[in-house]
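> The following block contains the structure, expressed as structure tokens.
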Amino acid sequence: MNPSCGKGSMLTSSRKSSEVVLDQFPAGLRVLVVDDDPTCLKIVEKMLRTCHYEVTTCNRAETALASLQANRNGFDIVISDVHMPDMDGFKLLELIGLEMDLPVINSGHRAVMSADDGKQVVMKGVTHGACDYLIKPIRIEELKNIWQHVVRKRKNEWKELEQSVSIEDGGDKMQKQSEDVDYSSSANEVGNWKSSKRRKDDEDELEDKDDTSTLKKPRVVWSVELHQQFVAAVNQLGIDKAVPKKILELMNVPGLTRENVASHLQKYRLYLRRLSGVPQHQGGINASFIGTQDATFSPISSLTGLDLRALAVAGQLPEQSLSTLHAASFARPSPKSGQPVPMVDQRNIFSFNNSKFKTGEGQLQQPNLGNSNQMNLLHGIPTTMEPKQLAELHQSFENMSNMQASVCQSNSLLMHRGSTRFPPNMGQPLVSNGLPGGLLLRNISAENGRGLGGYASPVSQTTSSAALTFPMNHGPELPGSNSFPTLGSPPGIPSLTQKGPSKEDIPVNSDAKGSSAGGIIPGYYLLNDLQQLQSNDWEVRNVGLAFNSPQNTSSLTGNLENPASSLFVQQGISSGSMRNSSSGGGSKVSYLVEGTHHQNLSSIVNSSVRIKSESVADTGCQNILYTQHFGQEDLMSVLLKQQEGIAPVNPEFDLDGYSMDNIHV
Amino acid sequence: MEKNQIHRQVALLRQSLFDQGFIDEQFVQLEELQDDTNPKFVEEVVTLYYRDSTRLIVCIEQALDKNPLDFNKLDSLMHQFKGSSSSIGARKVTAESTQFREYCKAGNGEGCMRSFQQMKKEYITLKKKLETYFQLARQVGPLDSTSRPN
């Protein structure tokens, strides 16, 4: 076999994609296929050509990496076999996804021996950043839609980058770009995405230049070994405390500068966030998962991918991927240990459907909405949360605190505005394998769907492979909570909620009810109503999470009143908030329900979600996530009210100890 | 006249391959990829498969000669072989490969040997049949096939 890459078509580095391809998109999509089996390679190549894509093939992972690095913008998507002798397919995946920000699709054989094997393989792919999983033998129908991953990813990344950059740098750079880029509609922006991509790339370069601040440094190539050292250093320091300077010291690589590390760290953080559940951008997704899970969720395992799927499902994914996933026999979430359930309780919460945001849960990851079948979440009527459920939630929150980092992401999830959220994988456990920050946003299945922002159709489909399309695009704006990877520390987790006007499109909630678990988790999205958030724009920063004020609703009330308090609804509630390690009444997690300004917020507070949310409700957008325990009737009334736009804001969230006191509507 | 007959024969032969389970739906996918720009695509792929898989088979045979058997290695080799076989739609061969892998996982050396022999038989049989099929098909030009097997 020739070790080199065969180029089916030229790698047109000179091609200005935006010029040529826009009209014909997805024709001309530049795909890199990596597979050590020449027969498969030839077949897939032919299939892709038939789809009018530009194909480059490689039979070795190293050559693939080399060509990717040599021509960073030369490809739009990568399809890689997971089983390759010369390099671990997953490592390649990680490198590509992390360093190059390309969507990667895994391919592999159907698990033969047991469903678990298949699931594990798929899950592993997901945790390493794969956005889909194709079962061999690959069929052309499955290849026809791979372009969606590219679009989705670009959109999300764009937003992500925008958010993080603006947060970190004051956003001046990004701002200009954000103005130009209109991501409001996901699929329609195809035309834009390329130009955005270019802009983004330019932006990256700009950033690099700024980093170096003076002279242009030669670009550092992050090889496998270097990246490993980096990861080791980060893990040693702890993701919270990993600052470029210290990482640099630990790595002790001559010639590496702090700026190099800093930019790589930024990408790595984005990557982690993505893994954890794609929160943030995904917007709703994160939020949802938290709450909705039914206790039965299997521990976080796996679901991240599925969640994503769920999200994808909810929003945009075509069923195909899901079916693929199914094929992968992604078995239902077998509860994995670990955090399980923080979200699980959420289920109950979700039953709320509306507001449950389990913010914070972001990390939850996996709470797998467990029950794959159960997902009952919200069947429209919030189920009353039993006290113990709350306790569970509480636990989960605590778990979440462990999670941290991604918490921020969860915020985004929750916050989503309006985007309906993700249907927690209904059925499929949102397994988040403990991913760091795995925000699994699993949507909150707001069953209400109605008022609440679209419901995310549960992803029940996720059962199958985890290959979720990662970037779930849910609404366009997802709060940038990302910028705070580890909210953990500050108690009040102020998560950014991005305000974004409801642009978010709420992912479709197709009621996936049928699908597995039946749970479609209505994305609690009250968000729809929350659209009001519009005014919120990224104000995340200002959010002063007022979480800390636990237990008293007063704090909430107070917060509610003043806009200044900036609500953050973090959807995923950054771990920081989650951490409410203070168990029992202590943890107050303020989840801001995003977007919903005012009124909706109250609705958001799902009774089920007992998050002690101290959240500060911004008058503007009250994204308060209240996990209040509403009695069913109360909840209903609340919901109904909200529907009418009358958001009874219950200032008295008694976040303490989950007492589901009814929130007065 | 003759051409028609050959046409018919080709079609019948093709259908019988499906009916007897030698090839499956995936083969049809390959056929669908064949077009004027690449009129011998299916044949090329099959040829490539046989060439490449020979190497794998040799490796497996060598591994089976060792004592004690390294099941992990056997499984891994067979995993690759199975992937190729399934991508051309070689149904029986793929099924035997699966069986082989099960024996590997169970640590059943005897079973591995047996199923390997069986798989090889199917492999050779299929090769012959496909060769005949392609020869015939060449005579009639592009097939108006791509009809799904019943």
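Residue 1 is the first one shown; counting continues down the chain.
Cβ from N, Cα, C; glycine included.
Take a look at what TrEMBL says about it:
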DOMAIN    A:30-151  domain 'Response regulatory'
MOD_RES   A:D81  4-aspartylphosphate
REGION    A:168-212  region 'Disordered'
COMPBIAS  A:170-179  compositional bias 'Basic and acidic residues'
DOMAIN    A:216-273  domain 'HTH myb-type'
REGION    A:478-514  region 'Disordered'
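Can you tell me where each of these features sits in the structure?
For the domain 'Response regulatory' (A:30-151), the model's pLDDT averages out at 83.
DSSP assigns A:D81 (4-aspartylphosphate) to a strand segment in the three-state reduction.
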> Measure from the Cβ of A:D81 (4-aspartylphosphate) and count the other Cβ atoms within 10 Å, all protein chains considered.
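I get 25 for this one.
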> Summarise the domain 'Response regulatory' (A:30-151) as counts of helix, strand and coil residues per DSSP.
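Taking the domain 'Response regulatory' (A:30-151) as a whole: 58 helix, 26 strand, 38 coil.
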> So, by DSSP, how many helix, strand and coil residues make up the domain 'HTH myb-type' (A:216-273)?
38 helix, 0 strand, 20 coil
